Amino acid sequence: GAFLLTVFMFIVGNALYAILSVFGYAARAVMVFSRFLVGVSSANIAIIRSYVASSTTTQERTTAVSLTSAAQGLGFIIGPAIQTGLAVVFSKSRILDNQREGPAPHARSETGRIL
């Protein structure tokens with residue numbers, strides 16, 4: 001139960017972080033919340049190592065712990081790549097939306113103002 005909850009929180013936190021550009025002005029608050037979720041749910045490595053230690057024999061333990069560490073390292077490499085890909089996809093769609101709507105009123109140049 002606890003492990004599945006932390007994995008779900010980890011996925012949700014990283015998914016929110018990956019699509020921050022969708023949230024506009026609320027992006028900063030969503031970023032803080034998403035990083036909080038990821039930080040809290042990162043404690044699941046203790047649950048995993050505890051389970052590995054209790055469910056393996058002494059001879060199997062080294063292999064099991066090293067495979068767990070390898071999976072964690074692979075996640076550290078692949079995770080940011082996925083986040084970068086999603087950020088690019090969502091930022092391109094947002095740029096296209098802005099091009100269709102024109103510049104925002106607050107983005108107008110001060111030199112174009114009539115005195």
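Cβ atoms are placed via backbone N, Cα and C, with glycine included.
Caution: TrEMBL annotation is automatic and unverified by curators.
Annotated features, as they stand in TrEMBL:
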type     : residues : note
DOMAIN   : 1-115    : domain 'Major facilitator superfamily (MFS) profile'
TRANSMEM : 6-25     : transmembrane segment
TRANSMEM : 32-52    : transmembrane segment
TRANSMEM : 64-90    : transmembrane segment
Spatial neighbours of the transmembrane segment (64-90) not adjacent in sequence (6+ beyond its ends, CB under 8 Å) are 14, 17-22, 45, 48-49, 52-53, 56
Can you check how the pLDDT averages out over the domain 'Major facilitator superfamily (MFS) profile' (1-115)? 81
